[in-house]
Structure formats: C-alpha cells, structure tokens
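S.K.: Before I ask anything, here is the structure I am working with.
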Ligand SMILES: Nc1ncnc2c1ncn2[C@@H]1O[C@H](COP(=O)(O)OP(=O)(O)OP(=O)(O)O)[C@@H](O)[C@H]1O
Ligand SMILES: [Mg+2]
C-alpha cells in the first residue's frame, strides 16, 4: 500500500480540498511580500497595491537618502559579524552540550535557548542596564552584543541538531586511527555539521537584520539600523521608498536561502 | 605482535557495576573472544582496552607495560565497530587512508597501501565509492581494512558481524580470522554468538555480570565448563542434579544420578563442592537398542519427528529430564519406557553454583 496523496485520503474531493488548502496557505504567507514588492515598483507617490504603472524611482530615492543607506550599512555589518561570531560560539556550545551527560545536558540545552524564552524587551532592558554599568551603553559594540545574544539560540539549535546526527562512534574511530581531538573536529565533525553550521549562520544573520526591539533599546548614539530607520521614515512620510527598502531586505534573505541551498546541496554526505 | 594482560578491571556507571574485576590475557597473535549475554560487560571491557573509557580500577598491560595513561589516539590499536563507523563524507579509499594521512605518509605510499589492503579484503574497484553506496558486508570489510592498514599492535572488534545477515556473517567471519592469523595481530573479539566464538578464537572468555566466569580454549569451554552458566551458554546441554558425588581419583568422581552410578571426569572445584551437577552434551547420549546395556532407564515424555532425527525427552526415576536426538526410525513412544546409553568420556561433573 502506498501512502495517500493527502492526509485526508485519495478521493478527488480530498485532493482538490487539500490543493486549495495549500494554495490558501501560500497566499496567506506570500500576500504581504507580494504587496510590498509590488508597491515598490509603483510610479505613483503612495504605497499602494496594485501598483500604479512601473518605475524604479523609489529605489533611486532610497539610495539618495543618506540616513537610510547608512542604516542599511550598519544592519549589514552588524548582521555579518553576528552571523560569524554566533556560529563559532554556537559550534563550541553545541560541542560542550554534547559532552555533558544526562540531566546536566538537558539544562544546558535550555540555558542556551533562554533568549528565545524570555521576552526580548526584558532581555533588552536588562542588557541595557548592564552595558551602561560596564561603559558600553548606547555604543555600536553594545548593539552588536545584543544582536549576538538574540541570534545565538537560532544558530545553537541548528548546529546542535546537526551535531546529534553524527554518531559518537565516528569520533572514537577517528581517535583510534590516531587523530587528536582537533583533527577529529576538523576532518570528521566539521564537514558533517557544515550544513547545520551554514544554516545557523544564515538564521543568525536574518534574525539580526530583523531585530527591532533590541535595536531600539541599544542603538548607538547617532546610529541606527534599517528596521528602526524605516519605521521612523514611515512615521513621517508614507512613501514607496520604504517598500523599496523592504524589497531589498527580502532580496537579501533570498540570497541567503539560495546560499544555503548551494552550500548544503554541494555536501556529498547529505 | 603483542601480549596483552587485563588485570582485575573494574568499572562502575553511576549505579551499575559494569565490570567487577575482569582478568584476561592474550598471548602474541592470539584471538581472544569475549562471549556473554547482553549487558554482561563485553563492550565495556573492549572500550577500556581501546581507551574510550577509563576504568575505575585494575590495569591493562601490553608487553608488560601499562597503557592506561596513554590516550586512545596514541595506543595504536585498530578498532572495528558494530555499526562500522565509516566516515560518511569520505570515499572508501579516503576512509582506509585516513590513519595514514594523519601519519603524514606520502600520497603515493598511502595509495599503494590502500590498494594493497583493499585487495586483501577483496574490495578492489570500490575505492571511489562512498560508504552509503556499498553494501553492509562491504562496509564492514572497509572498516576492517581501515583498521588493518595501520598494522595495529592490537585489533579490537565489537560484534563486527551483528548487523550482517547469516550468509555474509559466515563469509566475513572467516575473512577476519584469516587476516588476523596471516598478519599475526593479537585480537579481542566481542560476540554473543557461541558458535562464532568457538569457530574463530584461540581463547574464549565467557562473561557473567561483569566477571569472567571461565577463560579457556573453545574445546575446554565446551567440554569442561566450570559451571552450569558456561555450559548453557556454549551449546546444547543436559544438566542433571546428582544425588551423591564422591571423589574417585585425582580428577574423577563417582556420581549417583538418574538411578545410575557413573564415574566421570570432573572440574577441580566439584570435588569439594556441596552439590554437583552432571553435564551431558548431546554427543554423550544415544538411545539404547535391544542389545545395549542402558545406563539410564526412564519414561518418554515427549517425542517430535524432525526429519534427520527425532527429538525426545525422557524423564529419569529421580525427576531429571534428558533431552536427546534419536535416529529417525527408532521406536520412541511417549509414555513407554526407554533406555539411554551414555559415553562417559563426554560426561563432565561440575560444582553447583548459585545463579
Ligand atoms: N554509558 C553508560 N551509562 C550507564 N550504564 C551503562 C553505560 N554503558 C553501559 N552501561 C551498563 O553497563 C553494563 C555493561 O554494558 P556493556 O555495554 O559492556 O554490555 P555488553 O556485554 O556489551 O552488552 P551487549 O551485548 O548488549 O552489547 C550494562 O548493564 C549496561 O546497562
Ligand atoms: Mg556491547
């Protein structure tokens, strides 16, 4: 017996019903994106959908706004550093978590994803007080720390899931063949968790690029990130420039996803 | 070639005593099998030898020197795992060449040695396949090649055939034994299959709950087991409780059992034991014909026709039950009386040890 084509069975009604459900789900997920991307190409003066005519003028407008471009550059830089630092930290934490036996390991796991479980606002306020205490209040470094903190759990979950797929006997085999711990990590563990590592780094980047509350609390004096700048912008002028900026962000995320596809797809082992 | 001594090895996991004083030794070039039921501590012993696990007490010596302080990557032992543990992202050749690469051998030398060892395990031509592109039996032979190519001082195999089907198991088993004998590598082999253990080893350690119940040659383990546990684990066995037992000479006893009085060989400990049991392997028993003088007479309680033989159970006057194979056309009828001839050279008295 083969599995039914849909969870509701094979009858034509079930097939059409299921198809409809899938379409609705996609509409629900994609409608905001389609709207915003569409609106960015309007030749009119307002954010509206369907767009009026076609033009790229709002992209031009975006790049002429120095404050928006500066914010984009801050976001990109913070996001990239977050991705790199977070994935290295998460890799180490995942290795440590795996080495812990039994209950301790479970608590460690929960500790590592704590930033997901505590409201961002509370974490942000607490971190702000702490950063002021150590002289990093409202500095770029402080913002960077906040982003790393909030993105860490995503990278950790992705990497530790990948690490759990690697049987411990591989490490033992490698050791018995003469490898040091570092050689085993470099030649066996790392290649096998690489897809999870790349995925984790990209999640961390996208999460950082998106952070609002944390950035609002920690943003350095005289600097800002793209989501904050866009919100400010929209408060005063409801122009399609914002839609163009949003479209650029979406493009960036797509590039990230494509990158995962490519890197993960190239892995021989998976 | 190495001599290995395992002395009084102990290991406890939080509340489980996994090893309760294991002592063994392997002379140079010997294959020593650890045999026992699940959970008796076979893998734990092997992992202590490999250096994956640190024992709580005891010692492991190779050629007289303790190796416990040497980390696993500098012991120079080959390890073969039940699940093969091949590196999934490396080809067969890369897997086999892994240890050589770590030792910074020249590319050409690695290639030559990999080709040579793959020929030994009959895998020539599969160099560029990934582990998931070859069969289980081939994977296990790659694992064997990967360990052997480094010419290890000691080879450790933990149920290497457990994941293979019966036919492959037979084939790889002989390959393991041939390669081990040709190269003269000392080896420890873990299994819970008694026929596998008997067939390929020089010495067998039958393990029981973290201890070695008996450490001897396969023949001795089978024919002269130290106790019931060993006898049961190493093959089919009739074990009868003796009513009387008195020493008769250096290594012999007179035992009263099943209405008969027999003189048999005995385990040394049986001579002083309170209770004695008599082991009769199937080859010691024969259904008595009309002209035979039967040692035992009893009532047939069960008889099943198996084709080449009949399986019979006979209850003796003292309540002991004998299981034996009768010729296919012998007249055996449940409820009737039957005689059994025994060959006392295959009988063995052992002390009764509380389970
Ligand atoms: N990591 C561990 N933590 C706690 N107890 C363990 C651990 N590993 C093994 N044990 C226990 O130690 C005992 C011996 O285990 P071991 O793995 O050596 O058995 P084994 O003889 O190899 O059995 P099998 O034939 O099932 O592989 C068992 O009771 C087992 O439950
Ligand atoms: Mg085991």
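From the backbone N, Cα and C atoms, a Cβ is placed for every residue, glycine too.
Worth saying up front: this structure is predicted, and the values here are computed from it rather than measured.
So TrEMBL says this about it:
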type     : residues  : note
DOMAIN   : A:72-260  : domain 'ABC transmembrane type-1'
TRANSMEM : A:20-47   : transmembrane segment
TRANSMEM : A:68-95   : transmembrane segment
TRANSMEM : A:107-132 : transmembrane segment
TRANSMEM : A:139-163 : transmembrane segment
TRANSMEM : A:183-205 : transmembrane segment
TRANSMEM : A:217-236 : transmembrane segment
TRANSMEM : A:242-260 : transmembrane segment
S.K.: Taking the transmembrane segment (A:20-47) as the reference, which of A:68-95, A:217-236, A:242-260 gives the largest number of Cβ pairs under 8 angstroms?
M.R.: A:242-260
S.K.: Are there residues at least 6 beyond the ends of the transmembrane segment (A:139-163) whose Cβ is under 8 Å from a Cβ of it, and what are they?
M.R.: 74, 78-79, 81-83, 85-87, 89-91, 93-95, 97-98, 109, 112-116, 120, 123-124, 127-128, 131, 189, 192-193, 195-197, 199-201, 203-205, 207-208, 211, 214-215, 217-221, 223, 225
S.K.: Using a Cβ cut-off under 8 Å, which residues of the same chain at least 6 positions beyond either end of the transmembrane segment (A:183-205) come close to it?
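M.R.: That would be 79-80, 82-84, 86-87, 90-91, 95, 151-152, 154-159, 161-163, 165-166, 170-171, 174-175, 256-257, 259-260, 263-264, 267, 269-270.
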S.K.: Which listed stretch (A:68-95, A:107-132, A:242-260) has the most C-beta pairs under 8 A with the transmembrane segment (A:217-236)?
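M.R.: Stretch with maximum Cβ contacts: A:68-95.
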S.K.: Using a Cβ cut-off of under 8 Å, list the residues of the same chain at least 6 residues beyond the transmembrane segment (A:107-132) that approach it.
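M.R.: 93, 96-97, 100, 138-139, 142, 145-146, 149-150, 152-153, 156-157, 160, 211, 213-214, 216-218.
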S.K.: How about long-range neighbours of the transmembrane segment (A:242-260): same chain, 6 or more residues beyond its ends, C-beta under 8 Å?
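M.R.: Same-chain contacts beyond the flanks: 33, 36-37, 39-40, 42, 47, 58-59, 61-62, 68, 72, 195, 198-199, 202, 205-206, 209, 226, 230, 233-234.
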